Amino acid sequence: MNKGKLQVLYIISVLALLMIFSNRNYNSIEELSFIVPVILVALLIGMIGVYLFGKDMRLYKNLYFISYMITIGFAFVPVLGVYIEDGSYYYGFPAQWFNYYSNGYVNFELGGFVFNYFIVYLILRFLTKIFLRFSNDNYTETSN
């Protein structure tokens, strides 16, 4: 199979997995028996995505994977990414993309996740360009 077909299959399978996972009733997502498999599956999805869509496999050059991990990480930072209202938990920063309601219902908002991902990606890309510009300026000043 060529890489283009694998990319399409990857996108379809991730969307199908999200549709299966979302809009279901889970008793307690606070327990490690729920959190650990979700984190492992998220890491696996990210690594496969980096392999299929990434141009350079070096982690410090692959902003796609780093943005993905920061987007997921921001959702579970207690002060920054968790909002509690009427016993329901809303995860994600700046937009909420994972909702856990008091009756056990779980919802995944794809639009909020994609929005957060692109915000984080653009910020990281901007910071990388600034860092490279200042490091190149310092290099040319010391070589003269």
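Every residue, even glycine, has its Cβ placed from backbone N, Cα and C.
The transmembrane segment annotation in TrEMBL covers 7-26 (among others). Listed as Cβ neighbours of the transmembrane segment (7-26) (distance under 8 Å, sequence separation of 6 or more from its ends, same chain) are residues 1, 34, 41, 45, 48-49, 52-53, 100, 103-108, 110.
The transmembrane segment annotation in TrEMBL covers 32-53 (among others).
Annotated transmembrane segment per TrEMBL: 65-84 (among others), in sequence order.
Nonlocal intrachain contacts for the transmembrane segment (104-124), taken as residues 6+ away from its ends with a CB within less than 8 angstroms of a stretch CB, comprise 15, 18, 21-29, 63-64, 66-68, 70-71, 74, 92-98. For 104-124 (among others), the entry in TrEMBL reads transmembrane segment.
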